[in-house]
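Engineer: Provided herewith is a single structure, encoded as structure tokens, for subsequent inquiry.
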Amino acid sequence: MEFGPRRATAVTQGADMEQQLDRPTWSRQIEFTLAGIGCAVGLGNVWRFPYLCYRSGGGAFLVPYLLMLVVLGIPLLYMELIVGQYTRRGPVHALATVCPLLKGVGIASVAISFIMCTYYNVVITWALYYLFSSFQAPLPWQNCNNTWNTPNCTNHATNSSYTSTASQEFFKYKMLEQTSGVDETGVVRWELLLLLFLAWILIYFCIFKGVKSTGKVVYFTALFPYVILIALLINNAQLPGALDGITFFIVPEWGKLLSVEVWVNAAAQIFNSIGIGFGSLMAMSSYNSFNNNVLKDTLTISIINSLTSILAGFVIFSAFGYMSHLQGIPVSDLAVDGPGLVFVLYPQAFANMPVAQLWAVMFFFMLLCLGLDSEFAMVEVMVTSLMDEFYQHLIKIFKRKELFVLAVCGAACLLGIPCVMQVGIYVFQLMDHYTAIVSIMFLAVFEVIAICWCYGVNRLSDNLEEMTGKRANIFFRLCWLIVAPVLITVILIFSIIQFKPARYGDYVFPPWAQGVGWVIAMGSIVWIPLGAVHTLWVLPGSFMQKLKLSVTPCASDGMSKMAYYERGGGDACPGIAVISSNIHLAEKPPIQTNL
């Protein structure tokens, strides 16, 4: 097979190919499984899932949630792990290989992961602040006898909008010292800034050695939260009123199933919780051994993720029942929202429990573990992708990979500083709204199109058979070809229809801030059209010839993995710039829709 000009570039690319062939792998396969569980299981399992259940009729939410797990979550996770393990590359090169036209999806997934890791670590910072505060007796949010409390502070919540609990005022006036709006920036909260530095130091030492260090850390960070969750559940179940909260959680309000929003929320929760489209699990799976059983990892990660959400639901709703008993109001009347669930309502429940300090320390340490797992997975996406693309240049500049990882962590830390100013909660809410809600759905649609339609279900099954000896069964092929694309498109459409401008509580962000939010969202989305334009620009021929080449995978169909590596693996598309016009491409039609 002739490769034309590619032969001339063999010397300059030889080192990159060698680095690809010598790519490190997990010391034990269980380390990848635990890292995958840690990546999928995060703070969203503890606050977003119970919150959506609360809003969506308790047990009724579990019906669409479990259905979406089966037809959306598991098949798409399976798809990502296959692509990552087969190409042995991060999302940028993996997507550029399977569909050059949509190579921008890979770049976008790296961009969105990096944007998220800059502000997500602020939640870990808050958890550290609460963790250290939990060693005080009494707990600082236990009563209103503090310098930061207002005359409207009350030790027990009421339905009055004119009062606030000691827990609410600790979060707002003590930890955040928040300003009245995004127009008033305030000053840096030095305590939070130091804790932000500490959080990034922890992240760095978790990942600085790559999978060798990450693989050891996840034994603790992925498993210990379950010990704490079970201990909290045993404790909460013995509290008065706990049964009322659990009943609210498991007894469905069937009428809620008629709401389209409940179904969309269930699909979105599965999607965001597992992390489809963020590139984290694809990057991690690129360090797997070539013959690893991908299906086993897929089922383990996705099922444990959902079981963790349900376990957290029992823990949180038993605390809800206890709070409703103390306040004398129904569970359905409790004031519940996202961050407030973890940093306001639940700490308020601790304050009234026996041995309050013990439970508070355990809970916030659990949040720390959950946050660290998800955070270093997002940072690893950036590190893996940049090392895949610019290995020789980066090693020449930084000398060692550890120093490059330090530079990435340092840059992300600096970008997170606005979130630890007094205006930080507004910055956090704005970034989260336009990144986690707006951007990720666009990425998901194009990723599924690139892999399931352009690359083709048959090619994906061929890759799986080459790795494991078995093709994907008819259920997965149907989900990849029809069910997943349709469901994700519906979610995107309803997300657009139901889109609401960012707000924090009753505060609505001004138009200029909403504009900044859209700029943040475009920081990841814009790479998709830019990548497509660049691909069509560099390919030879007429527009139709360019288009045909652009949706044809870089590696020829039927090529063995060894031959694929001999052509340079992911470097069959030199850099991110697609391929030389003289490289022979696949002869099969680019879009395969047959099962």
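Note that Cβ sites are derived from N, Cα and C of the backbone, with glycine treated the same way.
Note that the structure is predicted; figures quoted are calculated from it, not measured.
These came from TrEMBL, pasted as-is:
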type	residues	note
TRANSMEM	32-50	transmembrane segment
BINDING	Gly38, Ala40, Val41, Asn45, Ser273, Asn305, Leu370, Asp373, Ser374	Na(+) binding site
TRANSMEM	62-83	transmembrane segment
TRANSMEM	104-132	transmembrane segment
DISULFID	Cys144-Cys153	disulfide bond
TRANSMEM	187-205	transmembrane segment
TRANSMEM	217-234	transmembrane segment
TRANSMEM	262-287	transmembrane segment
TRANSMEM	299-323	transmembrane segment
TRANSMEM	358-383	transmembrane segment
TRANSMEM	403-428	transmembrane segment
TRANSMEM	434-457	transmembrane segment
TRANSMEM	478-497	transmembrane segment
TRANSMEM	517-539	transmembrane segment
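Each of the listed features needs to be described in terms of its position in the shown structure.
Structural biologist: Sequence-distant contacts of the transmembrane segment (104-132) (same chain, six or more residues past either end, CB-CB distance under 8 Å): 43, 90-96, 175, 191-192, 195-196, 198-200, 202-203, 277-280, 282, 339, 343, 347, 360-361, 364-365, 367-368, 371-372, 374-375, 378-379, 381-382, 385, 412-413, 415-416, 419-420, 424, 427-428, 431-432, 435-436, 439-440, 443, 446-447, 450, 520, 523-532, 576.
The number of other Cβ atoms within 10 Å of the Cβ belonging to Cys153 (disulfide bond), over all protein chains shown, comes to 20.
Through the fold, the transmembrane segment (187-205) approaches residues 121-122, 124-126, 128-129, 175-177, 213, 372, 375-376, 379, 405-406, 409-410, 412-413, 416-417, 419-422, 424 of its own chain, all at least 6 residues removed from its boundaries and within a Cβ separation under 8 Å.
Long-range contacts of the transmembrane segment (217-234) within the same chain, counting only residues at least 6 positions beyond its ends with a Cβ under 8 Å from a Cβ of the stretch, are 31, 34-35, 37-38, 41, 206, 308, 311-312, 314-315, 318, 359, 362-363, 365-366, 369-370, 372-373, 376.
Same-chain residues lying 6 or more positions outside the transmembrane segment (299-323) and placing a CB less than 8 Å from one of its CB atoms are 33, 36-37, 40-41, 45-46, 49-50, 53-54, 62, 65-66, 69, 73-74, 77, 157, 226, 229-230, 232-233, 236-237, 239-249, 270, 273-274, 281, 331, 334, 336, 341, 345-346, 348-349, 352-353.
Taking Cβ pairs closer than 8 Å, the transmembrane segment (358-383) reaches residues 35, 37-39, 41-43, 45-46, 90-91, 109-110, 113-114, 116-117, 120-121, 123-124, 127-128, 130-131, 134-135, 139, 199, 202-203, 206-207, 210, 214, 217-218, 220-222, 224-225, 228-229, 231-232, 235, 275, 278-281, 283-284, 342, 346-347, 350, 404-405, 408-409, 412 in its own chain, all 6 or more past its ends.
Only residues 6 or more beyond the boundaries of the transmembrane segment (403-428), in the same chain, are considered here, and those with a CB under 8 A from a CB of the stretch are 114, 117-119, 121-122, 125, 176-179, 181-182, 184-189, 192-193, 195-197, 200, 203-204, 207-208, 379, 382-383, 386-387, 394-395, 397, 504, 507, 509, 513.
Within the chain carrying the transmembrane segment (478-497), a Cβ under 8 angstroms from the stretch's Cβ atoms is held by residues 68, 71-72, 75-76, 79, 260-261, 264, 267-268, 271, 437-438, 441-442, 444-445, 448-449, 451-453, 457, 460, 472, 593, 595, all 6 or more beyond its ends.
Residues 100-105, 107-109, 111-112, 115, 430-431, 433-435, 438-439, 442-443, 446, 502, 509, 545-547, 549-550, 576-578, 581 of the same chain sit 6 or more residues outside the transmembrane segment (517-539) yet have a Cβ under 8 Å from a Cβ within it.
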Engineer: Which stretch from 32-50, 262-287, 434-457 shares the most C-beta pairs under 8 Å with the transmembrane segment (62-83)?
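Structural biologist: It is 262-287, which has the most Cβ pairs under 8 Å.
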Engineer: Could you state the CA-to-CA distance between Cys144 (disulfide bond) and Ser273 (Na(+) binding site) to the nearest Å?
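Structural biologist: Here the two Cα atoms are 36 Å apart.
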Engineer: What is the set of residues, excluding Gly38, Ala40, Val41, Asn45, Ser273, Asn305, Leu370, Asp373, Ser374, whose C-beta falls within 8 angstroms of the centroid of the C-beta atoms at the Na(+) site?
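Structural biologist: Same chain, not in Gly38, Ala40, Val41, Asn45, Ser273, Asn305, Leu370, Asp373, Ser374, Cβ within 8 Å: Ile37, Cys39, Gly42, Gly44, Thr308.
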Engineer: How about long-range neighbours of the transmembrane segment (32-50): same chain, 6 or more residues beyond its ends, C-beta under 8 Å?
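Structural biologist: Contacts with the transmembrane segment (32-50): 26, 123, 211, 214-215, 218-219, 221-223, 225, 249, 269, 272-275, 280-281, 284-285, 287-288, 292, 297, 300-302, 304-305, 308-309, 312-313, 316-317, 338-339, 341-342, 366-367, 370-371, 373-374, 377.
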Engineer: Going along the chain, which residues six or more apart from Ser374 (Na(+) binding site) have their CB under 8 A from its CB?
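Structural biologist: Correct list: Gly38, Cys39, Val41, Gly42, Leu43, Tyr120.
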Engineer: Count, for each of the recorded positions Cys144, Leu370, the other C-beta atoms lying within 10 angstroms of its own C-beta, and report the residue with the smallest count.
Structural biologist: Cys144
